[in-house]
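Take a look at the structure set out below.
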Amino acid sequence: MKDSFLFTSESVTEGHPDKMADQISDAVLDYIIERDQKAKVACETLVSNGFCMITGELKTSVYAPMQEIAREVVKKIGYTDALYGFDYRSAAVLNGIGEQSPDINQGVDREDGEIGAGDQGLMFGYACKETETLMPLPIHLAHQLAFALAQKRKDNTLPFLRPDGKSQVSVHYENNKPVSIDTIVISTQHSPEVSQKHLKEAVIEEIVYKVLPKEYLHDNIKFFVNPTGKFVIGGPQGDAGLTGRKIIVDTYGGSCPHGGGAFSGKDPSKVDRSAAYAARYVAKNLVASGVCDKATVQLAYAIGVIEPVSIYVNTHNTSKYSSVELEKCVKAVFKLTPKGIIESLDLLRPIYSLTSAYGHFGRELEEFTWEKTNKDEEIKAFFKR
């Protein structure tokens, strides 16, 4: 008997209010880290109707022009006209940044050159063989749709689109393998002049059928395009946005657990971010090496402590090796202290704006060092000993 089920993941465009906040926070981080690699940054952003507030904590000698940074991000996203509900020129930008507590910093920067974890917490990484980038198919497809919404808007293929938008894909699985797409949901902000009929037809033709892999498409896919019938008011005018509210979109679309810590606006001494990248690096290399077909990796840390307090590997019955053997391999092959992660993944670079929309994982950009599979041979060698 076939084990059959549907699994769903969603993504959002760069013009979604929560993603706007993520991008502003990461732009602030990039500006500072490019000029001060020793900086400690925890930047939170709120966007709402007509204004943006930047808050959080910093420890740096760098002056960051918050207004300029925020306005440039909003402009690049495409909020260039008050008719869109937000305009980079007229929106107020408020700066509420404070200084990092010395009580936190004393546990992070150590005299011996090591780095203690910036907080306690647990982080997860995941990889599987459903796509070439070793990501789950539903989130991979949802990101493709969300990215295409923005690209077709920016290149004027679909000039009636506006920046805010969401996508959702339900995939049909049989015996734990994806076989087809069952349902696609796309909600996109649009100009008031376009008819819903034309919008739906254009989105399906220009985005769905030109972007998604043909092997998963068929005539019976259920489409819901702007199912409420209208989406003119969007962006921060329609909903407030906050940094860190799209943590499942940012990761694996619900295919594995999440420790709860957001990424954007945090420098790599914060293990919420850097250890989640390391956990993906571990999981992806385990799958790429062939020792398993699927891997969930959990790392956990204590504030001010150098070594992780626990490492857990679950291969979902796809490996001939036990969790104990796999964990020994991970400890031998990967550097999982905060300093080891930062150095091995070269994280003290202004790369974070690239991560802040369309997923932190599964995009094999040169800057995304955690997506490299350069540890696969070491893993194979470990199990040949």
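The backbone N, Cα and C atoms fix where each Cβ goes, glycine too.
Record note: among 100-110, 265-275, 100-110 is the stretch given as region 'Flexible loop' by Swiss-Prot.
When other Cβ atoms within 10 Å of the Cβ of His16 (ATP binding site) are tallied across all protein chains shown, the result is 28. When secondary structure is read from DSSP and collapsed to three states, His16 (ATP binding site) falls in the coil class. Spatially, by CA atoms, the binding-site residues Asp18, Glu44, Glu57 include one closest to Asp239 (ATP binding site), and that is Asp18. Put simply, Lys246 is the one of the binding-site residues Gly165, Lys230, Lys246 whose Cα lies nearest to the Cα of Asp18 (Mg(2+) binding site). The 10 Å shell around the Cβ of Lys246 (ATP binding site) contains 25 further Cβ atoms across the protein chains shown.
Separation of the C-alpha atoms of Glu57 (L-methionine binding site) and Lys266 (ATP binding site): 10 Å, rounded to the nearest whole number.
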